[in-house]
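So that you can see what the record holds, here are the features copied from Swiss-Prot:
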- His451: active site, for 3-hydroxyacyl-CoA dehydrogenase activity (ACT_SITE)
- Asp297, Asn501, Tyr660: substrate binding site (BINDING)
- Met325, Asp344, Val401, Val402, Glu403, Lys408, Ser430, Asn454: NAD(+) binding site (BINDING)
- 1-190: region 'Enoyl-CoA hydratase/isomerase' (REGION)
- 312-715: region '3-hydroxyacyl-CoA dehydrogenase' (REGION)
- Glu120: site 'Important for catalytic activity' (SITE)
- Glu140: site 'Important for catalytic activity' (SITE)
Amino acid sequence: MIYQGKAITVKPLEGGIVELNFDLKGESVNKFNRLTLSELRAAVDAIKADAAVKGVIVTSGKDVFIVGADITEFVDNFQLPDEELMAGNLEANKIFSDFEDLDVPTVAAINGIALGGGLEMCLAADFRVMSATAKVGLPEVKLGIYPGFGGTVRLPRLIGCDNAVEWIASGKENKAEDALKVGAVDAVVAPEQLQAAALDLAKRAVAGELDHKARRQPKLEKLKLNAIEQMMAFETAKGFVAGQAGPNYPAPVEAIKSIQKAANFGRDKALEVEAAGFVKLAKTSVAQSLIGLFLNDQELKKKAKKYDEVAKDVKLAAVLGAGIMGGGIAYQSALKGTPILMKDIREEGIQMGLNEAAKLLGKRVEKGRLTPAKMAEALNGIRPTMSYGDFGNVDIVVEAVVENPKVKQAVLAEVEGAVKEDAIIASNTSTISISLLAQALKRPENFCGMHFFNPVHMMPLVEVIRGEKTGETAIATTVAYAKKMGKSPIVVNDCPGFLVNRVLFPYFGGFAKLLGFGVDFVRIDKVMEKFGWPMGPAYLSDVVGIDTGHHGRDVMAEGFPDRMAVEGKTAVDVMYEANRLGQKNGKGFYAYETDKRGKPKKVTDPQAYEVLKPIVVEQREVTDEDIVNFMMIPLCLETVRCLEDGIVETAAEADMGLIYGIGFPPFRGGALRYIDSIGVAEFVALADKYAELGALYHPTAKLREMAKNGQKFFG
């Protein structure tokens, strides 16, 4: 053994070739943490010092190669002073460069996935062999940063600027055949042949059949583009990528700038350019928010995994109420391998549900994400029915009938009599109390909420709602089923609106106040979209449905009268009375026309302004900053209350619920991280400036205490 550590070993194979193997003890995947980097330093030094070594193959002892850097270390590292962070980055890069500069040929054998630092390790090798089932990529832009272990330097010199920009700016994972096509790898082989192929390549290089130094040289030199070619390549790319990424996500454009700035330098000077840009991005609030979001997501997955021990296996599911929502649930279940009964009392409802599922599956086939055979298999997994005849074998039933407590209670009581005693029954209600609905059931311990968001196939969140009498098995089984469907479940305790809608309606309350002061809803939408929301509140109201919003507002007002009750008519009332229900009937805040692709396109409608005139109580001048504060303060304060009331257990769950459920701007990290970014004391002072607007703008006593003590929600 040439070197043995806790993450890396180097052992001799044959003919002077050694294997540098990554296998981080106690972890399911390999990652570049402090330990792995320090051991890589020691391993490279050991190889360099051993005159008997003639070649190196780099392998993984895990099912994946290396998933990248240890993101949990970013939080502390990125707090370091700029000079210290840059020095640490350059020190790490020196390890990769020293590996690249070894006198002997090096071959990386890529299995599973090689992402971020994992791919950058491979780029430092002379040759790369890839398993046919493996994927490679540089996803750092999704964390608000860019590759920091030489990715912006080596990749463009290896596969050309255009390809490198596409890989780095998109952050996508690339299949083996695509990597081979652009020259990122030298060979693709069957998984079982990977080790042998890498060894064979190393032997050929040792024998002089392949010139490893010639292969290495372009990575050490400046980019092979003249000044005009550089200008054409980089300026075009920056314009296109900036348009794709938008102004709130600077990393993709910064990556291109870094490649451009380093184009005329050799490797070592180019790495300094990369490090300077990396440090600049690491210090942005966007990077802090997106890294926080990633860590929150990991926390969510860990919490959901804990339920696996108690959960019952769901072999057969059922959905009550077909239509668009029921069809979406049936599609998602069948697509992910759980057959499902889809029941409705109307033939046309069943047809609508089947059409929805077939349409969604068809789109996946069109995009090449599903084979026709798999589509047929999924469709066969949806069994339409108008009776409870086959419900005796069902493990979980999702009720998705009309949002009316009496109707739901009747249907729930009916289905309870048709299923086996230990079957779980879940209601896809968006606002109705689970404890109230449970009153109709004989086995309330087997009942919980399972709130999907529309459209089901696109929205990742599922709220799993615990009622007063809900048992742990019901929660665990529903969480496990949601995960099996490819969703991100969050367990919340029962209250009007649960987490997401409870937080969303105060946001709409701020919107109502702005409209009452005569502020143009088109302007409000533009300001909130600029803030980072996928759509403004007027457009969102139209998409959700004015009638749905009207009903939800009434439920919330009844549940929280101290701050959500309304005096007099609001915009949603007059729109509802004028039968302007939004996209569903072609008119709401906006009017809707059908575009060339058959999709609704919003246009301004003078009639909407006429309808809104009676609700304007006074004309008030407001700035764009006021608009953001009117909207965001109530949303953030209600999120704080949900955490304080124990509706959610953790700040991470609260923030992820908003990002996954209503499209809260990811680069802002969630409502609680947004408060942290402003500063808790500063946020409380800001809210107090708007105190005259009512209780929605009044911070809680506990938040004031946090402000006084200099506390934060994260870190």
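Using N, Cα and C of the backbone, Cβ positions are placed for all residues, glycine too.
Its own atom aside, the Cβ of Tyr660 (substrate binding site) has 24 Cβ atoms within 10 angstroms in the protein chains shown. Spacing of Met325 (NAD(+) binding site) relative to the residue listed as 'active site, for 3-hydroxyacyl-CoA dehydrogenase activity' is 11 Å (Cα to Cα, whole number). Taken residue by residue with DSSP, Asp297 (substrate binding site) is part of a helix. Annotation note: His451 (active site, for 3-hydroxyacyl-CoA dehydrogenase activity) sits in a strand segment as assigned by DSSP. Annotated pair Asn454 (NAD(+) binding site) and Asp297 (substrate binding site), C-alpha to C-alpha distance, rounded: 21 Å. The Cα atom of Glu120 (site 'Important for catalytic activity') lies nearest to that of Asp297, taking the binding-site residues Asp297, Val402, Lys408, Tyr660 as the candidates.
As a whole-number mean, the pLDDT of the region 'Enoyl-CoA hydratase/isomerase' (1-190) in this prediction is 98. With the fewest other C-beta atoms within 10 Å around its C-beta, Val402 stands out among the binding-site residues Met325, Val401, Val402.
When the record's NAD(+)-binding residues Met325, Asp344, Val401, Val402, Glu403, Lys408, Ser430, Asn454 are compared pairwise by CA position, the greatest distance found is 20 Å.
The C-beta environment of Asn501 (substrate binding site), restricted to residues of the same chain at least 6 apart in sequence and closer than 8 Å, consists of Ser430, Thr431, Gly552, Met556.
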